[in-house]
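Peer 1: Please see the structure below; I have some questions.
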């Protein structure tokens, strides 16, 4: 992108007004650094410069007053001059005002172009980019030469600790000119030594039988024998055409070691089956036949007691593929309903602002339907306001009547509901009543089923009379396919409830059912929908393990999306496939009303497909430093975990490699029994081992067992927020065989 005017604009930089509140608006000079990856800011008062963020941390750049902060702290007349940078994870937005509308557009377009370019770089290009940036940083006196001390400093920057003798040996090996420093080709030689992948060379050498190169025939042999893929010569020619960087080698229809490495890093050759990255499942089944990505108390950015509520939390959840969001609705002043966690100190946001944020971001990641789950504590008057806002903002995308002009007998499919919003909440009567021309009251009493905060409150509620909530007809009529009702047992639900009448269960109750009445729960979820939510005691917004609830067929297993944790990693892994649509089709044995499937007892049936999973953890590349101190180097270890039915749950660990986060090697093999592969997930976790305290999390990757590709595979690593670590990864060998 050298010479690109948009990049030149960012490198030159400019003054922007940074907005934090109505009283805090300060001019800062923003500039892209020479690595084309890092933004710096300079204060006009102190002239102090500091790194503010890396482009890898940006989730989105939006033009106009779209963020909550800009809407709240700026006037409408500056709309065209405003833009926001939204970050991954919990970091607050950067809200900025340019001096003109043209300049604001330039900042947004330039940043978007550079971010797109960076995301399209191959892993090898990202590695080169990163290493060159570290080399620049290590070259203290900026003479484009590396002294021995600068070389050792560079090795620390890239997460390798070496003793002085080893550093001296590498230095002398590369210092061909005997000048006492490395420059030009000597640095290139050092780079080649550094990035040499012996494990890849061995694999390549086994199949590169034509003067040190792979022919299309050699490549087909590798793909079939090692990768267990059905490969053709045409496929091999396509790989060479797409991945061979040397035009002379490509012209001879050969693949060099560099081309082979580039191919092995491409998404089509990595661990996740590339066919599963698109929507590949049948999306014409009834909605309740899918696991649906679901969020609890979506409005919260942090904890459940005093943390901030924000429309940004909805944006982040929706961008992560969440398809069921929750709104706790309370009366506000001036007749405008509010969203917040009742009886706590969490901040408050307007209901209408939340609906607008949902409308604007609902279908960016997935085009499949969004369920708006209402926990309604409002007066009748403000319920009417809620109904008005949803009608006026969501318009024709809001489902307010069954798709067919007759009483439905089953759920519509995700395919039929593309781009639509569905309301989950209370309803005054049965949907069938609408087709019997009954005269309905404007409002009446319904039993209020609130999420209780703890077990004692639950018991008290059962003892006392049911609380009554007045329900406005306008809001009631919007509830079509997800009517919330009290659960009175599996037999009652089967006999007395219509398909669209659903119940919500606190995690403890749901886990109890999944252990003690597992088959009944599975059958219940064949014809009904169940929503599970975290216990009220989880005031820090921690999460429960969603897997036992998926094993029982529960569709809406709601988690606190704002909390980085292993449970959210597993949730992200479950919904990684099927185009990240937020809908994953349940196995056939969980869609059969007569199913005998029980995840606890595992009686014989179609679900039993006993497999042996063989995993070899070979090596890792470019693990990030956790502690930014120069002397701090990670001691990595890898854990492989299986999640699924209880019989499949397992965990195994490698040994620890000391003082090497750049290219540690393990070559350790593990074996796992997997009895119900259709429900199993595999998680790879890398930690920094610490003998005196808890290990520190570095990165992880979770995916469904059935989406594993066999053979030699690179595994991308995600940080604690679920975002890709730019250059880090594992190299593994996978084999799945039928158990004898």
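The backbone N, Cα and C atoms fix where each Cβ goes, and this holds for glycine too.
What TrEMBL records for this protein is below:
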ACT_SITE  296  active site
ACT_SITE  341  active site
BINDING   688, 690  Ca(2+) 5 binding site
COMPBIAS  442-459  compositional bias 'Acidic residues'
DOMAIN    9-116  domain 'PH'
DOMAIN    126-161  domain 'EF-hand'
DOMAIN    162-197  domain 'EF-hand'
DOMAIN    475-591  domain 'PI-PLC Y-box'
REGION    442-467  region 'Disordered'
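Locate each feature and note its surroundings.
Peer 2: Long-range Cβ neighbours of residue 296 (active site) (same chain, at least 6 residues apart, Cβ-Cβ under 8 Å): 326, 533, 534, 558, 559, 560, 561.
Neighbour density for residue 341 (active site): within 10 A of its CB lie 24 other CB atoms from the protein chains shown.
The Cβ neighbour count for residue 690 (Ca(2+) 5 binding site), using a 10 Å radius over every protein chain in view, is 12.
For the domain 'PH' (9-116), the DSSP-based tally of helix, strand and coil residues reads 35 helix, 42 strand, 31 coil.
Here the domain 'EF-hand' (126-161) has a mean pLDDT of 74 out of 100.
For the domain 'EF-hand' (162-197), the residues of the chain that approach it from at least six positions outside its boundaries are 127, 131, 135, 144-148, 151-152, 155, 261, 619, 662-663, judged by C-beta separation under 8 angstroms.
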Peer 1: Between residue 690 (Ca(2+) 5 binding site) and residue 341 (active site), what is the CA-CA distance rounded to a whole number of Å?
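Peer 2: Counting only the Cα atoms, the answer is 38 Å.
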Peer 1: Going along the chain, which residues at least six beyond the ends of the domain 'EF-hand' (126-161) come within the CB cut-off of under 8 Å?
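Peer 2: Same-chain contacts beyond the ends: 34-35, 37, 118, 167-168, 170-171, 180-183, 187, 190-191, 194-195, 621-625, 630-631, 633-634, 659-663, 726-727.
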Peer 1: Let's check the environment of residue 688 (Ca(2+) 5 binding site): how many other CB atoms sit within 10 Å of its CB?
Peer 2: 21
Peer 1: Which residue counts does DSSP give the domain 'EF-hand' (162-197) for helix, strand and coil?
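Peer 2: Across the domain 'EF-hand' (162-197), DSSP assigns the residues as follows: 22 helix, 1 strand, 13 coil.
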Peer 1: How long is the line from the C-alpha of residue 341 (active site) to the C-alpha of residue 688 (Ca(2+) 5 binding site), rounded to the nearest angstrom?
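Peer 2: Answer for this pair: 37 Å between alpha carbons.
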Peer 1: Using DSSP, tally how many residues of the domain 'PI-PLC Y-box' (475-591) sit in helix, strand and coil.
Peer 2: 49 helix, 20 strand, 48 coil
Peer 1: Could you put numbers on the helix, strand and coil content of the domain 'EF-hand' (126-161), residue by residue per DSSP?
Peer 2: 23 helix, 2 strand, 11 coil
